[in-house]
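Report on the following structure.
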Amino acid sequence: MQETATQEKFGWWRRIALWQKILAGLALGVLAGALLGETASVFKPLGDIFINAIMMLIVPLVFSTLVVGITSMRDPQKMGRIGARTIILYLVTTAFAISIGLVLSTLLQPGVGVGLSFDAEVSANEAPSLMSILINLVPRNPIDALANGNIMQIIVFAIGLGISLTLIGEKGEPVMKVFDSFAEAMYKLTGLVMAFAPFGVFGLIAHVSGQYGLEILLPLAKLIGVVYLASILHVLVIYSGFISLMGRLNPVRYLKGSLDAIVVAFSSASSAGTLPVSIRCAQKNLGVSEGVSGFVLPVGATINMDGTALYQGVVVLFIAQMTGTDLSMMDYGMIVATGTLASIGTAGVPGAGLIMLSIVMAQIGLPLEAIAVVAGIDRILDMARTSVNVAGDLMVTTLVGKSEGELNEEIYNTSRS
Ligand code: ASP
């Protein structure tokens, strides 16, 4: 009785689609920040609670989804194909992204005439060797990998466990059932956490927008404009193009279905943190199977950073223009190559791309101290690049799902999002 009364009381709230509520949270957050300035940080705990809650989901959700996905696929060849397609698509889209960044900043010249001084000490990062990355994919201790949230190691262990459960046949069934039910519970919990997303997004954005006044943003307005323009073009032209030409799917549905994840990525600046939301969007809104979304998305959140690559292209040219450095065709090639590698090595956490920038800068001999100029507004750029990173993961997931017959087009075309 009481329950129905409460349900009725909040009926109007329930009738609003989640993406609309999240967007409203975003808009109100910007407003609160603009009106209250730094005082808007009082709302930050709302955002922190939300981020903690989605981070809490990552490890159990990825692990259980992947084990369930692998056991339901039952075909090692198919898994190999999915892996190969995923990696190729991730690399191709990243190369597109960095090229868009380079073309736009060559055309729009955001660094010309910017006279900012820099004197902070920044040292170049050592990029880990390819061999050590490969060796470390295999966890020595899976519990340790789970405890530390090492996504790639968790993926490797989950694939091994999933295959073994399939191979032992009947004996594997009880464990499969446990994982199946555990994964369901994790989906439910993600749904419950997402109900809080509009408030979390509000808190995060109010804090950010209250911190950055025009006096900080204006000198770098052109740089910000180019990064945002390149990001929007990349999503609207390249991703939508891939979805319609390669996937033969309606790109508007892809964009709408990915919106929750894009907004959470924008406000949290963490693609790893957004992972539970991306998995939910892929399955619930875009109709991608557990097997494909459970594999392609965690891999993407770890290695596919199109927005970061694009940002590196723009910022490196910006600094070259600002310091009056002429770049040769070789340098451009170098930026594409090192930018792609640096983006792969970038962790899906706030600010990681800024640190990796030094690798690209060092390669072409630009002064590393110039990074300090961008550091002050990096959060604003991070929000855009993380949104692209997540949108890219969802695009590739949709395409791989479609090509493997693991995409339910009815859900894709009709979900309410
Ligand atoms: N914050 C980005 C992400 O989580 C990484 C970056 O800083 O470029 O995807």
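Positions of Cβ are set from backbone N, Cα and C atoms, glycine also.
Quick look at what TrEMBL annotates:
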type	residues	note
TRANSMEM	22-43	transmembrane segment
TRANSMEM	49-70	transmembrane segment
TRANSMEM	82-108	transmembrane segment
TRANSMEM	151-168	transmembrane segment
TRANSMEM	189-208	transmembrane segment
TRANSMEM	220-245	transmembrane segment
TRANSMEM	332-349	transmembrane segment
TRANSMEM	355-377	transmembrane segment
Leading contact stretch, 49-70, 82-108, 151-168, 220-245 vs the transmembrane segment (189-208) - CB distance under 8 Å: 49-70
Among 49-70, 82-108, 151-168, 332-349, 355-377, stretch most in contact with the transmembrane segment (220-245) (C-beta, under 8 angstroms): 82-108
Distal contacts, the transmembrane segment (82-108) - CB-CB under 8 A, six or more residues away: 222, 225-227, 229-230, 233-234, 238-239, 242, 291-292, 295-296, 299-300, 303-307, 309-314, 317-318, 321, 332, 335-336, 339-340, 343-344, 388, 392, 395-396, 399-400, 403-404
